[in-house]
There are 4 protein chains.
Amino acid sequence: MRRLLLSNDDGVHAPGLKALHDALVDQARLRVIAPDRDRSGASNSLTLSHPLSLTPLDSGFYSVDGTPADCVYLGVSDIFDETVDMVISGINHGANLGDDVLYSGTVAAAMEGRSLGLSAIAMSLAGHQHFETSGRVAATLVSAVEQLALPPRSLLNVNVPDVPWEELKGFRVTRQGQRGQGSQPLRLQDPRGRTRYWIAASGASSDMGEDTDFAAIEAGFVSITPLQTDLTRHASIGDVRGWLEALTGQRQQSGDLL
Amino acid sequence: MRRLLLSNDDGVHAPGLKALHDALVDQARLRVIAPDRDRSGASNSLTLSHPLSLTPLDSGFYSVDGTPADCVYLGVSDIFDETVDMVISGINHGANLGDDVLYSGTVAAAMEGRSLGLSAIAMSLAGHQHFETSGRVAATLVSAVEQLALPPRSLLNVNVPDVPWEELKGFRVTRQGQRGQGSQPLRLQDPRGRTRYWIAASGASSDMGEDTDFAAIEAGFVSITPLQTDLTRHASIGDVRGWLEALTGQRQQSGDLL
Amino acid sequence: MRRLLLSNDDGVHAPGLKALHDALVDQARLRVIAPDRDRSGASNSLTLSHPLSLTPLDSGFYSVDGTPADCVYLGVSDIFDETVDMVISGINHGANLGDDVLYSGTVAAAMEGRSLGLSAIAMSLAGHQHFETSGRVAATLVSAVEQLALPPRSLLNVNVPDVPWEELKGFRVTRQGQRGQGSQPLRLQDPRGRTRYWIAASGASSDMGEDTDFAAIEAGFVSITPLQTDLTRHASIGDVRGWLEALTGQRQQSGDLL
Amino acid sequence: MRRLLLSNDDGVHAPGLKALHDALVDQARLRVIAPDRDRSGASNSLTLSHPLSLTPLDSGFYSVDGTPADCVYLGVSDIFDETVDMVISGINHGANLGDDVLYSGTVAAAMEGRSLGLSAIAMSLAGHQHFETSGRVAATLVSAVEQLALPPRSLLNVNVPDVPWEELKGFRVTRQGQRGQGSQPLRLQDPRGRTRYWIAASGASSDMGEDTDFAAIEAGFVSITPLQTDLTRHASIGDVRGWLEALTGQRQQSGDLL
């Protein structure tokens, strides 16, 4: 039986995590470790400034006073007797599309499982109602994940329309779209008269090409985007090299060492 | 005169930020906005749970009770009368090589400037001494950045060996290497007898290919890695599509809708 | 039916809070609002730097991302349609004796109810086992609290021995004892080599007079200490006045105005 | 030469702390340890959940990622070779009158020095301008503090009108007044549509008797209130005892043990 580590960024008490657990409990041994608080927007942040506590709850889940990445870091460590095979994170309350993946704690939790044997999966529901649909999508994908030979350090970012299972249009493999610039921060006065700035909602989709995650969700399909943890823009290496040679060439002519 | 936004993740009082400021102040108008505390490891995390305060310091720098990404988000917003052209972050105390870029607040700050006109630059010193060397590298790159035509949403991740300027071997364009799995968490008892777990140092380099950022620094070269914010593993889209068709094909034969 | 506000400092999921709720649910209408995390040692601290969220849980309890005093502040505000008559906080996991009351979030929560009609009660169990005993003590005191005419802004600090109800020796009215100086901070190296200091356990009792809270618990009695929120040392006002007159007299002779 | 520990709750970079330092530097050896952030409202809270770091700044001050009480706890510990004789905290930006002392980090810092040989002093300026006046008051009191024989575990809470030194009306020894109930929390919607509650400004003075701290400041006098750390309401011990006897008497008649 596979051993899965579940986590999320909405916190250990979030309904989406419970739904994920319930959807997978029959086909795998589950270890659930999640933040004690909502940590949406936590990205891959790790808590380096202080040590973490791991608290077992009555539900059998573990609560950590840290980030999603902290939770998975602990969950795959030798604190536990048994190793796990893969990480499934979510089900996020709300979609993680386009640039969201840079900020998402859900995606980060999955990414933190990159050293494990099987590809990790980040699950998000594009809404707040039909977690069961998303749970069933997760169960479907997990049951077949051994047949998927992705390179190491890859993961799947899965977004599910917020509809009943019967109303799903199907599955689409997509690329990450883009969001336009977000709104301006909300300015407000605190009760002691000081100005404060609250980060506003993220921008609308600005790249909605047919093959993007945005377009799939818009059309009612489950969106599956393979992601990698290598951020190198390989295609630009030549351009940067040319630029650098011109730059250092000029400088060498002017007598500077570099 | 160019208008640059400077930030970092070591905090607004860090020597590396001061060094970056001093290296660039002659060639650009600078706005400096950085976290009030060390936020190393903050990645792209954004503070969504509460509003931020922006405090001007005597130095002319602004301090924010948030993350590096928060700082740049505020710094490019309409809070300020004038827009900026690009973001330079750093100079980080310590290198940001391989998988570090996923966790680095320095890289995240630069990434947050992706909507601006010019490519952002993340500067790190592979040590804690020769900030001046790194400052001089930053000044060199910034002076020429207009000649570099990278696609939008790109940035340069620059690591500088911790040696005097004269001892630099040169510049190399690199790809992001990889780190092996990090050490196990440090276990300790708190003074009230509870077990705590502290995230250990990151793993050693596991992919040290000649063209990696690790290899460049090891050999005494400045490492320049072009990064992107699109995490899609484009090369795997076909594989995932094949896998998904097999999966849904099986299921359709068994009478399931998808 | 009386309306009571319950809170604590061990967090909304702590067994002690549940035990308090269960002990009182038959004799009063209860509103339970507590911190989302363990906030032991929070004292009267209020969160001024950012706004709070109030999250209803499945249990009917409310969770707040703040301190015990924050919780009671919100709980007695007009956020709720109905007012409450008094605050009961606890049951704290561990005793609050002597100087502990200065740091205790449990005592602070009760203190925050000082504007209400009835005296507030802070409940602590001198151990971690017999919450039921402490719950029964709470129920006994609450049932009779209307007969107790304390001046406004008073509260009762109640500590209960960690034994079965039948083994209690009785009740004693006590004064706050004193603790000696606490241990030195625990020094440790973090995984990145930096020295850190962890606040050590509090000092042992240094004033164990027969009439103190320490002595009562030691002897197996429930300790009840009436507390006030006026910190003025009235008995010293004359001394300070004399000192000040001498001081300003000298200065006036020397020609200084004050 | 006396050795003083200075701290505050407005943070290590606050002008009030600098003013306090400058006022005392000629008459004592100073050690300055303060929170890295504004911690107004921190009360006596101690950080128990994680270890603290102590960072020396260029100014010679130490910065701690904790509360005012944490700072003084570390400052009087054996981390330092030399002990200190007393704690002076402040100069707080704004008054600490009446119930403010329960929440004030400035008062708490002074209180944390209660184990030292000399009485601690908490300094607050009833405004934000004339820190120099308050600094001069501090210097005057400190120079004479050895002549003041307060019982152990006492401190002085000093509030200074925000006027030039020449305009001070004199000094008054006062008792702690009271504030009425504070305003209702400020309700607001966060950018993601969730309701949040911000703790409002504290209530106006409700007990302004001639001998209170409020009245002294109102009349232009420096207010000096001797405070104690014993919260016992000694005058009510008899009443509580009577109530308890009635209560347990009834219960014994009904056959209950207690």
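Cβ atoms here come from the backbone N, Cα and C positions, even for glycine.
No curator has checked TrEMBL annotations; they are predicted automatically.
Feature annotations, courtesy of TrEMBL:
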DOMAIN    A:5-180  domain 'Survival protein SurE-like phosphatase/nucleotidase'
BINDING   A:Asp9, A:Asp10, A:Ser40, A:Asn92  divalent metal cation binding site
Check your understanding: Here are the binding-site residues: A:Asp9, A:Asp10. Which has the lowest count of other Cβ atoms within 10 Å?
Key -> A:Asp10
Revision key, fill the gap. CB contacts under 8 angstroms to A:Asn92 (divalent metal cation binding site), restricted to the same chain and 6+ apart in sequence, sorted by sequence, are A:Asn8, A:Asp9, A:Asp10, A:Gly16, A:Ser104, A:Thr106, A:Ala122, A:Met123, A:Ser124, A:Leu125
**Study point:** binding-site residues in contact range of chain B, given that the Cβ distance is under 8 Å, out of A:Asp9, A:Asp10, A:Ser40, A:Asn92
**Key:** A:Ser40
Review point. Inside 8 A of the center formed by the CB atoms of A:Asp9, A:Asp10, A:Ser40, A:Asn92, which other residues of the chain have their CB, for the recorded divalent metal cation site?
Key: A:Asn8, A:Gly11, A:Ala14, A:Gly16, A:Asp38, A:Arg39, A:Pro68, A:Gly90, A:His93, A:Gly94, A:Ser104, A:Gly105, A:Thr106
Exercise for review: Could you tell me the mean pLDDT over the domain 'Survival protein SurE-like phosphatase/nucleotidase' (A:5-180), as a whole number?
Suggested key: 95
Revision key, fill the gap. Mapped onto three states, the DSSP assignment of A:Ser40 (divalent metal cation binding site) reads coil
Study note, to complete from the structure: In the three-state DSSP scheme, A:Asn92 (divalent metal cation binding site) belongs to strand
